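Enquirer: To start, I am sharing the structure in question, which I have written as structure tokens.
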């Protein structure tokens, strides 16, 4: 007895099973989280260490290398990146996706703690955080005020907004851009100081000595107790101005005589503008594994709660929000889902021409898809762009099994059987084919679940969702569909059927005549099929290869890099110049807002020669120009802009954090001088190819540098220590925090520095005084000399080796694959064997995915072949069926070529999906031909009859599949590029494979199908041998011929 027999006999039970699946699916659905992509963000932990006064070379050798060595042995590390700058070390540890973020952070903290004692004296305690130091903000909030100045506004935002927004779940950091934090600025007058016989160290000591708060103890009596406090803290500029610095021979020197004291910004080297106006920005940086949608929703909700606290005349508006694209992309997929359902229903209705049959078929859609949510919840999947894509593709697939059963039942009813008997016999007849196609389609996704790296994690949920929907469609086809056929289907003799039946009958007759002629020369059709498959190689070689299509995410990031050593004013002018070029786009209604920053930075300060502009584009439906076209247009306008390098960049997609150029090529070597030479060779050769734009590197040795050379012997003779020299220079030319003060419950810095006119030229360094051992003031020129040079500002390392990263954009007709191959060829041809290469960002993802996807494709072919072999109990039948796959792949590649798309991760997943989709057509023909041969037909008659009888279900299921994929291929709006890629492959592959399969599979079957034996062959042999053994036991004479195996019809 087959499964369908039970459910036809028990219709109520069949309905209850399906309702239970729906109830369970709905219960799981409401618990599924919503996000852009599956959780594929690698856990990232950063270790930041400050060593004031140390050069980047010292930072690298004494701090960075020590920390790298400490964390290198931690389990699950994917890569280690580090940057060594003057005064600061930053080590970023990126872990495998499977690593627990909390455990990773704890391991890093323990490892760093063990080596703290090996760090130099004076190093601040390392700060460990669960965020990448290079992470970019997912949201920008622009705050402007007509009543508060920059200092007051920054202080208000720091006190209220930063603290509250930092508590939103998933927020790693709230960066205050353009911040003007309160500080007590002490601007030292060098000539006045020298005239009074004082040094800057005397000022520092006086401030530290007199700006203190010490406990005074208690006064106790028999009845009362008092706490004694010494009120010696200074809190206003007037308090500091009256501070006594020196009292020699009764002559008092107050601080205001040798310095200007005022309340000012702690650092004014960071600027933020909104649409050209000065503003303050709040940048929301999410934790490495946090959900962007959840974080953005939480921030928006908190902003609403904070609105009443805004001062009069102050506004806070979201100027950039990554979640806007995510929401629009998900809505776009949902729209595509509805369109796909409509097209599939229309296809079914056209072919079946009966509303009852159509209802039976489409019931499989909600039951299968909703039930799949239970499996998604079990595997901790989410509702995201990829799982929704799986659902869209499932629409055209889940109805296939139902269509095949309905068509078979419909044929039997037309032949005169009662609906109940037709449903019973039809379901039994087609049962094996349904199970075989379901198992084959599910088998395709087994290798997908074992893919490693980001790509494997990304598409694991895609495969789980689609496989689950296909499984439940098979369950519905074996349980609910036969029962509904027996209850709803009736002989179709209406006017529509009478009008259209001649068309379908004629179609079958034409196909029979064509097939009969073709099968007389099967080798010819095989040669044609082979030629088509050969063309796939040429199509594959000609397609550009990328990691993912460049998505229109509704925003453009423009990076501005002024020459090394450029001042803040110079960089500001370059940013304003670029703004003027971009302003017409806002006036034309293409750009909704322009947000600019000078010296943008998050966890660490950025150089003042860097700028960034964020263009927020108007919604997708309100513009005709695409983001990538706009990037190319802007690039042409700013390419020759003098005085700065300007690079427009599209924001990252498919799980990539932050904007970056598509090419990030790492060169590793023994030392930076060697690496610089290698970099110059590679960049020169690469730029000569004409493939790259805006090529640059992260090693820039042109930063103006003044080195102070100390005559140690002369300094020692005068009794001046090297520490005194360094501290004097830091106090006069740096921005040293010498103390703190409290205002309204908050603690702020007291920062000492020389006046601007006293630090305007290198000569001011040598004209600064220090105190000798005898108490006299001695100018630094007595024992120091200055040399000017160019030095790198940052020393980068990659996986514990010194490294330089070359980044570049690409011309529109160049793919990542071709560009990386070109760079690798240059390295092999031009650099020595000890040169090492690596990849970051999109380049790393492309290299990892390209290898994994081809292995997965091969594994999918093997698994599907083995599953078919096990089902058919034959090696020949699976071979016949699998020959349809190259035809489908050729069709997919041809469709990509015609539409001008690239071969990327989405189109490659579509290719893998085609393996399962197109074996279905072969299964229908081969399985039915085998049945007919078992009934006594010849191979010739069986293959023709099977092909003709299965033509209609093949066309119905294929066109339904195409109908479900067409909305993807023609999709527009947010995220359309990814949908186009996978939809185009499905439409092209299914179309070509269907047209050729109905000719190629019969031809192959005719040639080699006759050599197959029925799956029951061994069972029949055992039955006959048992019968013969029974006869011998009763003493009957058995002819010798009886011991021979029964002749197969093929023989």
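Each residue, glycine too, has its Cβ placed from N, Cα and C.
According to TrEMBL:
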{"type": "TRANSMEM", "residues": "12-34", "note": "transmembrane segment"}
{"type": "TRANSMEM", "residues": "332-352", "note": "transmembrane segment"}
{"type": "TRANSMEM", "residues": "359-379", "note": "transmembrane segment"}
{"type": "TRANSMEM", "residues": "385-404", "note": "transmembrane segment"}
{"type": "TRANSMEM", "residues": "430-450", "note": "transmembrane segment"}
{"type": "TRANSMEM", "residues": "462-480", "note": "transmembrane segment"}
{"type": "TRANSMEM", "residues": "521-540", "note": "transmembrane segment"}
{"type": "TRANSMEM", "residues": "852-872", "note": "transmembrane segment"}
{"type": "TRANSMEM", "residues": "879-899", "note": "transmembrane segment"}
{"type": "TRANSMEM", "residues": "905-930", "note": "transmembrane segment"}
{"type": "TRANSMEM", "residues": "951-970", "note": "transmembrane segment"}
{"type": "TRANSMEM", "residues": "982-1008", "note": "transmembrane segment"}
{"type": "REGION", "residues": "1032-1051", "note": "region 'Disordered'"}
{"type": "COMPBIAS", "residues": "1041-1051", "note": "compositional bias 'Basic residues'"}
Enquirer: For the transmembrane segment (462-480), I need the partner stretch with the highest count of C-beta pairs below 8 angstroms, choosing only from 12-34, 332-352, 521-540, 852-872, 905-930.
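Expert: The stretch with the most contacts is 12-34.
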Enquirer: Are there at least 3 C-beta pairs under 8 angstroms linking the transmembrane segment (521-540) and the transmembrane segment (852-872), leaving out pairs fewer than 6 apart in sequence?
Expert: no
Enquirer: Among 332-352, 430-450, 521-540, which stretch has the highest count of C-beta pairs below 8 Å with the transmembrane segment (905-930)?
Expert: 430-450
Enquirer: Under a Cβ pair cut-off of under 8 Å, which of the recorded stretches 332-352, 359-379, 385-404 contacts the transmembrane segment (12-34) most often?
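Expert: The stretch with the most contacts is 359-379.
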Enquirer: In the same chain, which residue numbers or ranges, 6 or more beyond the ends of the transmembrane segment (385-404), come under 8 angstroms Cβ to Cβ?
Expert: 36-38, 326, 329-330, 333-334, 336-337, 340-341, 344, 348, 360-365, 368-369, 372, 376, 430, 433-434, 437-438, 441, 458-459, 461-463, 465-466, 469-470, 472-474, 476-477, 481, 913, 917, 920, 924, 953, 956-957, 960-965, 967-968, 975, 978-979, 982, 986
Enquirer: Below 8 Å between Cβ atoms, which of the listed ranges 359-379, 521-540, 951-970, 982-1008 makes the most pairs with the transmembrane segment (879-899)?
Expert: 982-1008
Enquirer: Which residues of the chain, 6 or more past the ends of the transmembrane segment (521-540), have a CB below 8 A from one of its CBs?
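Expert: Cβ under 8 Å, 6 or more out: 883, 886-887, 889-890, 893-894, 896-897, 903, 992, 996, 999-1000, 1003-1004, 1006-1007.
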Enquirer: Quick test of the contact rule: Cβ under 8 Å, at least six residues beyond the ends. What residues does that give for the transmembrane segment (982-1008)?
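Expert: Answer is 389, 393, 511, 514-515, 518-519, 522-523, 525-526, 529, 532, 876, 879-881, 883-884, 887-896, 898-899, 901, 906-907, 909-911, 913-914, 917-918, 921-922, 925-926, 929, 939-940, 943-944, 947, 951, 954-955, 958, 961-962, 965-971.
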